[in-house]
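These notes are about the structure you will find just below.
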Amino acid sequence: MRFDILTLFPEFFTSPLQTSLLGKALANEVAEVHLTNPRDFTTDKHHRVDDEVYGGGVGMLMKPEPIFAAVESLPCLPRRQIVLFTPQGRPMDQPLFHELANHYDQLVMICGHYEGVDERVAEHLVTQELSLGDFVLTCGEIPALTLLNGVIRLRPGTVGKVESLKKESFETELLDYPQYTRPAEFRGWQVPSVLRSGNHALIERWRQEQQIQRTRDRRPDLYQKWLKKSDTSDP
């Protein structure tokens with residue numbers, strides 16, 4: 001799978017692309033990531049990528065010409081999505097990551113800066129607008145790295161034990177259960193005895209109960225989704 005990231009700050013991705021899961025996935029050619037700087041596609045001597053907002057307003061806006069030129073310079077695989085990160089975009093979640101990982105060969109991600117990008121980019125170039133959440137960040141590189149990580153880890157060959165992906169939070173609308181490691185006692189806090197019992201049926205039941213309780217207490221919205229899904233799956 002190919003990822004193209006349009007960014008004014010390619011160095012932002014230097015360390016993340018060389019370490020941990022992403023670094024291994026790229027080294028094993030599970031995916032390929034290409035960084036493109038829109039500034040390289042400017043035509044003026046100052047390499048300007050931003051300008052004032054029509055109608056007045058605070059701050060600067062990224063110009064459309066370098067962004068269009070940068071995207072049009074890229075290879076176009078058959079199943080491609082061009083993503084722009086904006087507050088009004090679709091919230092990123094696990095179903096979205098699965099959708100992108102399973103149905104597309106190429107993701108082009110446009111990282112905004114300043115007050116955003118010219119609306120014509122969203123109207124005539126972008127195929128999907130995405131949002132990391134209801135808060136403001138300084139740049140689009142942060143959601144781009146999040147999307148990159150979330151999608152690549154679902155691609156075959158990235159995670160060693162595929163079964164572990166199916167048991168993670170959000171895969172079944174439920175949060176993950178509590179997990180413990182050695183020592184069995186730390187500062188008087190004990191690992192639940194059921195986890196040390198060796199009875200796998202009891203352990204599985206305890207984990208499911210903990211998932212349901214934790215989701216109900218901490219994420220009532222997800223709990224309601226899980227209830228609805230459980231109702232529809234009953235015979």
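Every residue number used here counts from 1 along the chain in the order it is shown.
A Cβ is built for glycine as well, from the same backbone N, Cα and C atoms used for every other residue.
According to Swiss-Prot, the S-adenosyl-L-methionine binding site annotation covers GLY112, LEU132, GLY133, ASP134, PHE135, VAL136, LEU137, on the basis of sequence analysis.
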Binding-site residues compared (LEU132, VAL136, LEU137) - highest count of Cβ atoms within 10 Å: LEU132
GLY112 (S-adenosyl-L-methionine binding site): tally of other CB atoms within 10 A of its CB: 23
Largest separation between Cα atoms (Å) of residues that the record links to S-adenosyl-L-methionine, namely GLY112, LEU132, GLY133, ASP134, PHE135, VAL136, LEU137: 16
Close in space, distant in sequence - GLY133 (S-adenosyl-L-methionine binding site), Cβ under 8 Å, 6 or more apart: PRO91, MET92
